[in-house]
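Peer 1: Got these off Swiss-Prot a minute ago, pasting:
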BINDING   His79, His238, Asp242  Zn(2+) binding site
ACT_SITE  His265  active site, proton donor
Amino acid sequence: MIKQRTLKRIVQATGVGLHTGKKVTLTMRPAPANTGVIYRRTDLNPPVDFPADAKSVRDTMLCTCLVNEHDVRISTVEHLNAALAGLGIDNIIIEVNAPEVPIMDGSASPFVYLLLDAGIEELNSAKKFLRLKETVRVEDGDKWAELSPFNGFRLDFTIDFNHPAIDSSTQRYCLDFSADSFVRQISRARTFGFMRDIEYLQSRGLCLGGSFDCAIVVDDYRVLNEDGLRFEDEFVRHKMLDAIGDLFMCGHNIIGAFTAYKSGHALNNKLLQAVLAKQEAWEFVTFQDEAEMPLAFKAPSTVLAY
């Protein structure tokens with residue numbers, strides 16, 4: 001059978017919090033089968049757990065948060081969640097000694113390295129996939145996102161930014177998902193923001209960890225980062241990274257096709273909740289052997305050479 005995945009060992013790293021600008025220690029621990037993805041704040045006494053759950057997601061101006069019934073939150077979970085989706089990690093405990101996951105370089109790549117360094121362990125329990133049976137679509141003005149039946153995981157994302165640094169030919173990206181394609185083509189794409197917005201937020205005591213080290217920063221005319229872009233279409237690739245993380249908030253890799261126009265965290269989450277609420281539109285499936293399973297979800301192989 002195709003088995004659930006966790007880590008082989010504990011792995012730890014430090015980084016900076018996007019909101020506070022302070023050092024954050026991140027510890028990722030193996031977890032038993034059927035635990036799911038659990039974020040944990042150890043700066044609170046007693047520590048507070050936040051299971052990854054579409055209904056717990058709140059989208060703020062700066063990041064995605066998970067919020068519990070007491071309005072306690074953990075922030076900036078989206079890029080780490082994308083790395084978990086990319087490598088198909090089903091069960092993990094993620095501890096931070098702060099109200100937020102460190103922003104690292106603004107992409108999912110540092111988290112991918114950490115997870116691969118810890119190693120991936122298969123558990124003796126069947127991995128459950130969420131497979132689309134019907135198309136579900138959500139809209140917000142001219143923005144929209146949909147999931148439809150497809151034997152694999154295919155993503156097609158279009159952005160529409162009228163900015164000199166973002167050429168019109170680099171505003172759409174399509175991906176046939178696999179662990180390898182995620183690591184090579186998506187995980188390194190960084191988040192982005194306007195210099196004027198960062199300066200304004202920092203003047204109000206917000207976004208204190210925001211810098212050229214953790215984002216693509218643009219002014220009205222150009223990219224300000226000395227090293228430029230990692231991909232000519234890095235902006236849309238990062239929006240796809242966000243979507244992969246947002247959709248994994250259900251705790252399961254999705255078998256289906258995701259298509260979006262100008263979508264963001266809030267609309268991605270609205271789509272996921274709409275799918276989950278329409279029980280006839282999806283089903284959980286398991287696979288007895290690799291031959292039955294879509295190629296998209298084969299265990300990561302060549303990514304270690306990346």
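Using N, Cα and C of the backbone, Cβ positions are placed for all residues, glycine too.
Can you tell me where each of these features sits in the structure?
Peer 2: Residues near Asp242 (Zn(2+) binding site) in space but far in sequence (CB under 8 A, at least 6 apart, same chain), listed by position: Glu78, His79, Ala82, Gly264, His265, Asn268. Under DSSP, Asp242 (Zn(2+) binding site) is assigned to a helix (H, G or I) in the three-state scheme.
In the three-state DSSP reading, His265 (active site, proton donor) counts as helix.
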Peer 1: So what sits near His238 (Zn(2+) binding site) in its own chain, CB-to-CB under 8 Å and at least six residues off in sequence?
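Peer 2: Listed in sequence order: Ser107, Ala189, Arg190, Thr191, Phe192, Ile216.
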Peer 1: For the recorded positions listed here, His79, His265, which shows the highest count of neighbouring CB atoms within 10 A?
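Peer 2: Of the recorded positions His79, His265, the most buried by Cβ count within 10 Å is His79.
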Peer 1: Excluding His79, His238, Asp242 themselves, which residues in that chain have a Cβ inside 8 Å of the centre of the Cβ atoms defining the Zn(2+) site?
Peer 2: Glu78, Ala82, Gly106, Ser107, Ala108, Ala189, Arg190, Thr191, Lys239, Met240, Leu241, Gly245
Peer 1: Going by DSSP, is His79 (Zn(2+) binding site) part of a helix, a strand, or coil?
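Peer 2: Its secondary structure by DSSP: helix.
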